[in-house]
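Student: So TrEMBL lists the following for this protein:
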DOMAIN    193-314  domain 'PROP1-like PPR'
REPEAT    247-281  repeat 'PPR'
REPEAT    282-316  repeat 'PPR'
REPEAT    329-363  repeat 'PPR'
REPEAT    565-599  repeat 'PPR'
REPEAT    711-746  repeat 'PPR'
Amino acid sequence: MLNLTLTKWPTIVSSPTAKIMFATTLRSMTTIKENSANSKILSIVRISPLLKVNQTLTSNSNSSVQYNYATYSALTTSIEKEQGEEKNEGEVLLKTNNERNISVENGMDSSWVGNYSLDRLVIRFREAIQEGDLKKLMMTHHTLIKEQKGQQWQNRLKKSDYQDAISLLTRSANFTQKATSPPPSSTQTLASTTSIIYSLFNDMKKQGYKPDTSTYNRLIYLNSLKGDTKESRRIYKMMLEDKIECTIYTFNSLILSYQWSLDIESALEVLEEMKLYGIKPNTVTFNSLIDIYVKLGDINQAERIYEKMKSNSTTRMGNSLDKCEVIVDKFTLDCLLSGYLNYGHLDKAKNLFKDIKDSGIELDTHLYTKILKIYCYEPGNLQKVLNLFNQIKHQQHKGNIKFVNTLLDYLIKEKEFSNALRVYEELVDIGFIHDAATLASIIPAYYHTGNNDIAFKLFNEKMDSFLNMRKLFSLFSNLGKEHSKNFFKQFASSSSILYNTLITYFLTQDDITNALEIYSHLLQQGYFLNILNITILCKKLISQEKINEALQIYYQSKDHNIILDQRGYTILIDSFSKMTYMSESQRIFVDMKEKGIKPNSYTYSSLIRGFGKIYDIQGVKNIHQLIRMDLNLDQFDIVIYNSLMDAYNRCGYGYNVLQLWDSLVISSKESDLLVNNATVSIVLDSCGFNKQLFRLNQIWYDLKKKNFNLNQNNYASYLEALARNQKFNEAKNVLMSEMIDDGIQPNSKIIRTLLNFLHDHSKNRDQYEIINWVRTNFPFLAKELNLVNKKNNKNITKGISEKD
């Protein structure tokens, strides 16, 4: 055994011939084993919560780049390929997620150091690069750092030595940005490939060497992988200061860094910088932008880029491709498909599928799964999904199980139980390994086809796989409401998780009867009761006005020492308050306080809204007083303020509304009001109802002066308040000029309210003016209000001539 100590953490390497590469972050180490004369295979180890090593590296310059559809992974693979071509064709760049400037301290086997002069160390350093020996390279570099202290040796290493070493380190591993769980602590190490790269880079700069384009691009790329835009920009700025030429790979890496934060504006700024340098965007550039737009939900912009790419693409024939800077590739199509499916654009997804078939791009499991989902959105596609299955069933790799589970779930939903079993058994015959999601479909399939013994046995053997409420919920959904309880009776001694999940399932199906039956059984057997289930059960009973049953469950839980949490109490108080059962709300509130559970702003707001609904001004004032005495609350919580202002307004206490408004405004900073749009509408409504015309206009003009972002509801409240106080000319000016200038269009409620007030005050000419304005400027709104036909408005125009 070879015992290596990296700083203060020991790591044991089982083979004395193993070569060590110090991988990314403080969390892991990757071993590289010699497999043949021209290849190295990275063992698959978890690196960090975001990254995983998962690809074989070869020294063959013609090795292909494989798409991996983890988050951003296809993009990063493309960038790696491009950057590798910049210096040596086929090189794969390091993809890492790591802190920098962590030094490798004592602990490496350095018994040979004493026999080497600095000249010999430099020779050994170069040999390590030529041999591709990472261990030798890092140990020699470590020794050189130690030996250089107090000595002048800046000319011993050449610029090419540094750059070749950085190139070797960045070729040494392939990291993809796939989220994984943190690796076990036993794999953690302080050694860091990135720290060594930075050490070499910084030393290179100290010696007066300017790194070349490729070296700068590698560092920008490393930081872009983890979304460190600040560091990527710092390296880019350094690159400009050194007057090093920027390339397409420089800018693609910068754009990549903005994909993490979905910062489309900054990404587009990088695109403009590219154009200033006369560099045309390529496939990776456009794919990055499409990815951001899709994740932001801006499908239209993503489509525009896609159409632009299509117009620049050349025809793909098999695996060959004519030389072209912009092509539509797998990632482009996958990204758009994801967007269409996520936002429900099924027809667009189908059309894109036609583009995929026409493009000649070879489909992989990931794209097959997306296409399957298109079919699964609609019933009656049995033959199509089975045809897809026949095309993909022999592709045994990681993505296959997602396809299979999607297919099985569809077949179960379509009640094609026999076909589901046939698919499953075919796969088992060729070595398919199922997971809990597979079982959630297969167990119901066996049960529904009369193979109850197999279903019960499979569930009993794999019960541990279902100790997860989401997976259990899927199982019950596939069994169906009628069969879930019968199936469950076979496992009477099961855990409380199973019982509680069954209650949750029945509650989502609004099956209160069965939910209550399972709840009673849990209570009698002394099983653990899920607090959220108790809360939701009571909430549903209250909404059905079964108040006694809800209170019975609440007090039974209390008798069994089951104490609700803050959320549970607040849900019950809110449920009673919405139904205006305020005595019950107060009773639950008192219990909450007695149990030492602190109310939050939503608890108080529920009570306030309830009292406001029944115009109980004393109840509102009592809660207001409790809020003043509660030191745990934020003094200016807008949720509470809005509830109080609305309740006082309902009760006709306009003065209290204005007091609360003034306290918020006074406590606000000059440019940052503590109010929101709901607060504004409440105070404007109050001013209108209470004839506070001076305060109405004062508040409105102050908001305008402070550039508060007024919305349609705010304008509706202001217009109604003006009309209520018979300020019709002012209301017309706000509607036809001020509102439109602010980019806000009227809705039917605003027009109807204003017309009603004008009609009540016999303002026929004003009515006619507004109707014509709506017809001219908003024909769709006129149609909605039935204002299109002038004959329908005789009652409006009838009195105009008489009045004139």
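Backbone N, Cα and C atoms are what each Cβ position is placed from, and that goes for glycine too.
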Student: Take the repeat 'PPR' (565-599) and find every residue of the same chain, 6 or more past its ends, with a Cβ under 8 Å from one of its Cβ atoms.
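Tutor: Sequence-distant neighbours of the repeat 'PPR' (565-599): 531-532, 534-536, 538-539, 542-543, 545, 547, 551, 554, 558, 606-607, 609-611, 613-614, 616, 619, 630, 632.
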Student: Quick one: mean pLDDT on the repeat 'PPR' (329-363)?
Tutor: 80
Student: Could you count the residues of the repeat 'PPR' (247-281) that DSSP puts in helix, in strand and in coil?
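Tutor: Residue counts for the repeat 'PPR' (247-281) by secondary structure: 25 helix, 0 strand, 10 coil.
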Student: For the repeat 'PPR' (565-599), what are the DSSP-based totals of helix, strand and coil residues?
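Tutor: Within the repeat 'PPR' (565-599) the tally stands at 26 helix, 0 strand, 9 coil.
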